[in-house]
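Some notes on the structure that comes next.
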């Protein structure tokens, strides 16, 4: 990803432009401007710019304080097509202005003609603010941010070795038959590309989970009884926090949705040998922030399929489940969280330096007292003589 920010706003303070990583002086050293990512007269504030180039979307965000400093309201920000506007989003108690568009809406929102070479594809867009005219004059700044997402130009090739997705797999023994069950995470709603390494997912992004009977494929019906997330790789660990996603076959988190395997519509739990569901990414309030996903599963034979159906709005259907169902456990992880950089206070500045200052002051006062006493004794001796 590439980012270019233009401000038609005046210069920063030359006398405070001492850090070249944050502030750039002109050749004659009579003016300066802040480096990308920093703002204010002293270029000491971080705008937390971030360009995100997803598989099927592009996004750019910056902190609300940055726009407030330049007096650019949320309502005035838009892409070249003014119907494509910014939204406010709160992440970990910090407020950001966010532009997010799908690749399908790229041209409609004013994206530049797609550039392509033998290795990469380039998508380029501009965020800009409306001209803040007051009568015949303009006093507020105009802002423009150009950002580019660069994607590899994907071509199908034959590899000398296979690329395997990471997954959780187990074997259940049911009525003298072994069944292999697998749990995997996918990068989007198409369920075509499974993660091959531990995924890193942004807060509020959809997490797409698939649990399926891989062998024998058409003999059992699968039901998810419980799914939950933990801070520990151990599903029943008493250490760390736990968050429930599915309970008794039904969604226990407001963002959980079962997805139909065939046409991506709303699905149901316990009606097929494959179950797909999604939930919005989250993190726990304490470290470690990465999480592990666990699911208990139940298998039903085709003639006993009703025992696996989750009647989430009917108590009688839930009571129809067999007393001793065949149940197994799958675990997946870690799933890592991508979070925006946040300004952190310096322990050296907030603790060490104040303490050092107190000690230095005490040492200086001790010297003064010693010198004063020595001077008094010298005066006394002179008077005696």
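Positions of Cβ are set from backbone N, Cα and C atoms, glycine also.
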Please find, within the list 321-346, 347-372, the residue stretch that TrEMBL describes as transmembrane segment.
347-372
Per-region confidence, the domain 'ZP' (52-319) (mean pLDDT, whole number):
83
Counting only residues 6+ apart in the same chain, whose Cβ is under 8 Å from the Cβ of residue 34 (disulfide bond)?
12, 22, 23, 24, 40, 43
With DSSP helix as H/G/I and strand as E/B, how many residues of the domain 'EGF-like' (8-44) fall in helix, strand and coil?
3 helix, 8 strand, 26 coil
